[in-house]
């Protein structure tokens, strides 16, 4: 009994000394991050109570000011509870490049010649899928595509386009864990590309909500394409990356045709149609941006 009492008293003294030392080391140029911590009560060491413990990292004054400005948006920052690392609740996107006008207007329709056997197989696969997709979406066989037909095509296309990046990132992530080696940035690049395609989809959905039949086709197409692409990526990542490259070539053709149709007056409702807020924020577009700016 005496040993237990002495042990409890020594723990309480050590805890007070540690907290006093930590408080003395806090300076204006020290960045503090608070995390929830379980600390025992002095009265009963077996009943935990939630308090906070502070970890410090010496940072320059500029970094300290940046961290202080970040935590300023959180009302709980000064209340001794955990601070969300995200400065804004709706700032959920991964870091991604934002293109300027010079880069956007410099995009041209290009083609990489298929030289190796894998390149030829990948190109033939993309062309076959495009023919079937064009046939079912009315892209061929119909003299004129209106805004509704374009949106239907864009939405379905983006539900498929977001799959390769996620599959590639997932496979490389598991490979890094399995081999216990770094990936050196490929995982983040592929996941960012998958999110970029998903943001295309979410933006287009602001213009039109698909029907139940459309959603059923998306479910079927995603299941088939995801399974096929996953198997192909595990066998030959090189083939899959070349496949996506040729797929993006076809996407440039489709969006270029849509922009040309807007300029030609074939899509009158899109000439002044504003870009939804989700698209303006993600691609940092101006408030008066139109559908043409979004497609560019």
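Quick reminder: no glycine exception, Cβ is built from N, Cα and C everywhere.
Remember, TrEMBL labels are computer predictions, not curated facts.
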According to TrEMBL, which of these ranges is transmembrane segment: 196-215, 216-235, 236-255? 216-235
Stretch carrying transmembrane segment according to TrEMBL (options 133-153, 154-174, 175-195): 154-174
Distant-in-sequence neighbours of the transmembrane segment (216-235), which means Cβ under 8 A and at least six residues beyond its ends: 156, 159-160, 163-164, 167-168, 171, 210, 243
Which ones are near residue 248 (Fe cation 2 binding site): of the binding-site residues 158, 197, 200, which have a Cα within 10 Å? none
So how many other Cβ atoms are close to residue 248 (Fe cation 2 binding site), meaning within 10 Å of its Cβ? 14
Residue 200 (Fe cation 1 binding site) falls, by DSSP collapsed to helix, strand or coil, into helix
